[in-house]
């Protein structure tokens, strides 16, 4: 569709390009429409790999208009390219005027389908469906109109309309500072993690749908195969009810609980076997949190989490804290309990510095408490523990108790900022036996095997 009031220059942005697309390929395609002045595929300054977009400059605006009308969303090396006018005025791009947000999109809606739907209301400067790296739709997109009037008309006409198999929600796009200023207590979108491995979209809808009408939801998987999900409700009250009812819920079966009895671990958001459900952070909030963590003083000692085993069943959080508080500042403590509210025999104590943790290990390891000698050592992440055990008992790694690749120590490797005595070299001989060596005290075994 030829646009009225288009920019008075003949430069086009061409996006969503295949990494192998070159300037020569683009020249052959666009020069068939009209004389091309120049072409540039943008590349990484170091690797020189394509960034997936480029610019085509025509000698005349008329030729650029024809290219936009005839070539937009055409296939180049198996990918539909996305063409729009190159906006040289950054204030126009950043103002947000005429920009709308479309969510709850059918997974089959692509850039072209979105463009065809919304082009009825005015000239579109840009249009995009947000996708994952593999090309799968994230369920939302953006349409930027040339005028505010066109955007308002699109919101009025399309909001609540069914496109494909889903009813979409269309709203004015809010700039980041406007979103950040919104009251965090008034939310509809929630985030869930620590989901079972067999969890899917149907189970997500079944579990979360009982708290209200869901406008959009999706189960995703990270690089390590861990499941997480996002659920958006119609109202904030529904989202809050879901968080209150499901946060820290144990989804394991009785068989899973028995299997994981010795492997439960305390993470920054609580035990990894309990469902974590909370308000979904905005992109800006996640970026701010990441930036805060990155800017922390690197010279400041990191906290150290200790694993304590062979606890009496009567031990609770307060009693566990009382055992260790003499050695320094405790940031968190957890005596893991069973369904009968009795201690399972192990727990975690997190100190604010490695030195404090060292004192606690030195003084408390093998100390008899309520008739039982304690095991005290560094808490390992499950992935790290499984890898250490795999290396220790794999062919060629040596027999258990002889060191091998596992080194015979139960710590599983030094931690950043850890004093030498906590890396194995400064431990008393008796302690070495209790941390994975066969010659330890009677009854002492590696605690997390």
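Just so it is clear, glycine is given a Cβ too, placed from its N, Cα and C backbone atoms.
What TrEMBL says about a protein is an automatic prediction, not a curated fact.
In TrEMBL, the region 'Disordered' annotation falls on 247-273 of the listed ranges 247-273, 274-300, 301-327, 328-354.
Within the set 206-242, 391-427, the record from TrEMBL flags 391-427 under the feature region 'Disordered'. In the predicted structure, the domain 'RRM' (304-381) carries a mean pLDDT of 88.
Ranking 10-88, 188-258, 304-381 by CB pairs under 8 A with the domain 'RRM' (98-175) puts 10-88 at the top. Secondary structure counts, DSSP: the domain 'RRM' (10-88) has 19 helix, 30 strand, 30 coil.
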